[in-house]
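> Have a look at the structure that comes next, please.
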Amino acid sequence: MEEKSVDKKTIIDIPENPLRTITIEELYEGDKYDFAHMEEKDVFSLLESSRNGLTDDQVKERIEKFGTNRIERKRRNPILKFLSYMWNPSAWVMEIAAIVSIALSNGGGKPPNWQDFVGIMLLLFVNATVSFIEERNAGNAVKALQASLAPEAKTKRNGHWKVIDAADLVPGDIISLKLGDVVPGDGRVIAVHGQLLMDQSALTGESLPVKKQVGDEILSGAVCKLGEAEAIVIGTGKHSFMGKTIGLVGDSNDTAHLQIIMGRIGLFCIGWIVVFLIAQIIVMYAVFRYDYRRGMNNLIVTLVGGIPTAMSTVMTVTLALGARQLSNQKAIVTHVSAIEELAGVSILCSDKTGTLTLNKLVIDRNNLKQYADVEPDEIIHCAAIASRTEHQDAIDSCITEAYGDTKLIREGIEELHFKPFNPTDKRTEITYRIINDGTVHRISKGMPRIIAELCTRDNTSELIQQLQLDVDEFAERGLRSLAVAIEDVPSGTVNGKGNGFKLIGLLPIYDPPRSDTKETIARAIELGIKVKMVTGDQLAIAKETGRRLAIGDNMFRSTIFKDGPPANSGYQDIDDLVLHADGFAGVYPEHKYEIVKRLQNMGHMIAMTGDGVNDAPALKKANVGIAVADASDAARSAADIVLTEPGLSVVIEAIISARKIFQSMRNYSVYTSSMTVRLLVGYTILLFAFEFDFPSFMLLILTLLNNATMMTISKDRVEASPYPTKWLLSDVFVHATVYGIYSALSTVSFFIIIIKTSFFQDKFGVDKIQYHPKHGSPSGWNDPILNSIIYLQSSIMSHALIFIARSRSFFFLERPSFLLVFAFAIAQIIATLIAVYANWQFANVGGCGWTWAGIVWVWNLIWFFPFDLIKFALAAYFDPRKRQVVEESLQSQPSTRKQRIHRRNMIAAEKESSCSPKRPSSVSSNDRNSPIEDSIVEAAAKYFAPDICELSTPQYTHRRFAERLAGANNNLCRVPTDAEDLKRFAIVQVKLITLPNC
């Protein structure tokens, strides 16, 4: 332990009972008490603490005075939060429609359209209420899950060290820090063990770790990169450096990628509304010479029918339920937008030890070598006898476990002398007596060369040569070798001379793969995910593990990043090699970072697993950073997902679940966009061609039932995509447009057959719909019964579309959730009863009867089945584009010229649509089109999409603290995380590790 005081300290006068007499403002906001420069004894006196820590009574008093060690987010007033659901583009359109109905829809000797006004306001209120309740429940559910990620701190209380929640830390606490720990509160170092390096890049922008010594100040959120230390806490919560600065800078206003996508979808719908509003105004008033009141009623239909009112709520609930589902699979998300990124992962960079393997040595019985007439089980028994039974190292433990019951290893023998392993002799030796016959024997196990030199009995040059060949074979396959030899002691004494050691076997030892890893990797490949092994182990070990797991052995040392692709490898450049390699060995932190960066630049979404403090830069850089079970605090704070159970299968299951969640979001996006197209196109054609005015009140009912049904889509049962999924807006918009137009044609053609032919009258005996005089009431084709028929046809066809949008194959082959089917059935029963029985003069609808209702259902069924064929045709166009990228990443051969050109074109196309892979918290400037368009999209995103910040942990929200400071103050630098800094950091680490006092 190293302790020293720092010169030039500030001398201050400390009153009696300082924490009771000094206010918090005096303690932290003035210059009188400068914790960074005052004497250490003054720090202890001012905080009324000692090296034995605080008592429970002191802690209780300080929590009352200083509060908990949390940086509380600003909570919105629940009433204002509720009202905010009526202040967004969707609500604005509805509110405009309400104003039109009550204030502008006058004339014609009729009162204002108060029925529509009440209906619109009721729809607004219902949407706001459901959104408020569902999003509140979703937020609470996610926070409950993320509570398990709350950081901890090792502190001394009542003279004893204990681990507590970091939120319970108070000024005056004594804390202990080790490699990988995140500093839980501002502090002053009071003791250092070895050399102490702290990474403050997330706070100050310093790219390299800073050396700290006794007397130095450390900041909350910094990461211990080297050494161990003890410190006294001087600031917590809002009184810490981070807390005070966040209070000045404010919460992050970053727009998540998912929000950008939702904003673009919302603008897509609004764009259609604007175009059709303009067209309708021109045609109705300039061409048809509609009276003012009639035209306004049609504009209400356009305004209400085209807006996706439930988008934000459906997305929020879907993400929250998805986060809960992932937690059940032992994967906890730090922010729900990571689910979207996880669904698009095409390459998973996994560490070997502990994730692909058990991190536990075992003997490979199948490859054990025999050199004498001794059975393999007996060779293992001899090795187990020559192992310690207590305080075992990894080698002894694996041998005794290979034998079986440790109690039986030395049964019937008496240990006379045991020589433990040491770095000089590189072997163990035991001398023992067999109790039954009293004979004495010796066994030695250890490094093959040492054991070979020890053996004198039956030791031939051929045997030595074979031993060396076997050792080389094991080394090439990444297996450790352990030789075993035996001898008898004729004299029967402990130190008696033996008859010479005889080599009996060679044990291959390795870290075995997890039992489910090979199967999991095969499953990953089926899902279009390339698994790359990234390990600091030797290349031979990496290749052998890769062969055993069917990852492949096309692996390279990390030196390729400096030297380039090996000669005659066929790879044109490092990028091509990185894309097709099965893994990398001898990897340092800067190599992991570079691997992720290169793969991202080639258009891939990357997941990276890690557990140590040095993995943090790569975890932050990856689209999805995954902290494995038992990861360090630094890795957990840098990760997007934290695993609570070891193994690769947890990651793959999480990816599958994320794809299902993504599929639900995409399904709803396609559905809600197609509904906009369907209603606008269908009713506008009827308006332009036949001057048909669909009742606006009936559209309100249709929208209300539709929103109620769509709330269940978050709980739907969907199939995961067979390949990585990410937002391709052209895919969403083309599907929506085609589906919408086809649905609209079903309505228009039905309308035409009803009014232009007598088919239904002849076949089913229904009354013919009569044309009314233009200046009558009703007028033209605006018959109350026809209005009910078209309403029912629109309702059924629109709601049934969700069963097409949710499935990849025939709709009847993918079973939906019971809740979705139930909601659809209830909605359509209500719609059918309204159409059959409703006689609402104010809405201009009349009961059509059960015969017409049956005709509508049959008509929709006829038009519904071809939907699947349209879906398959669209999939035939879009799916090959998605598969090509996956197929290229899965192959080991270098990319062809055609593949490289296709890859570049895909990246360019994605950048144009702002859907390229990137960190989920921001949208890079390279992915944007124009400043004006970006501003519009980001503004829309904050209204149409879920509040991502509300569904994130504080650790994630504060992760880019220095970048936010830079955004608020141009004098502060942004956090540089380039590969050169990481390389220099690695060199510093290597040098420090070689120091004697480390």
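Heads up, the Cβ atoms here are built off N, Cα and C, so glycines get one too.
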> Among 300-321, 784-805, where does TrEMBL put the label transmembrane segment?
300-321
> Given the cut-off of 8 Å on Cβ pairs that are 6 or more apart in sequence, determine whether the transmembrane segment (733-755) and the transmembrane segment (117-133) share at least 3 such pairs.
no
> Using DSSP, how many residues in the domain 'Cation-transporting P-type ATPase N-terminal' (34-106) fall into helix, strand and coil?
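The counts are 41 helix, 2 strand, 30 coil.
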> For the transmembrane segment (117-133) and the transmembrane segment (300-321), decide whether they are in contact, meaning at least 3 CB pairs lie under 8 A, counting pairs 6 or more apart in sequence.
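When sequence-distant Cβ pairs are counted, the transmembrane segment (300-321) touches the transmembrane segment (117-133), since at least 3 lie under 8 Å.
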> May I ask you to check whether the transmembrane segment (265-288) and the transmembrane segment (817-838) make contact, with contact taken as at least three Cβ pairs under 8 Å and only pairs 6 or more apart in sequence counted?
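Contact between the transmembrane segment (817-838) and the transmembrane segment (265-288): absent, because fewer than 3 Cβ pairs are under 8 Å.
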> Going through 300-321, 817-838, 850-874 one by one, which has the most CB pairs that fall under 8 Å from the transmembrane segment (668-690)?
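Highest pair count goes to 300-321.
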> Any residues 6+ beyond the ends of the transmembrane segment (850-874) with a Cβ under 8 Å from its own?
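Hits for the transmembrane segment (850-874): 734-735, 738-739, 742, 746, 750, 760, 764-766, 785, 788-789, 792-793, 796-797, 800-801, 804, 807, 810-811, 832, 835-836.
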> Taking a Cβ cut-off under 8 Å, which residues six or more beyond the ends of the transmembrane segment (817-838) line up next to it in the same chain?
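Same-chain contacts beyond the flanks: 701-702, 705-706, 708-709, 711-713, 715-717, 788-789, 791-792, 795-796, 799-800, 802-803, 845-850, 852-853, 856-857.
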> On the 0 to 100 scale, where does the mean pLDDT of the domain 'Cation-transporting P-type ATPase N-terminal' (34-106) fall?
79
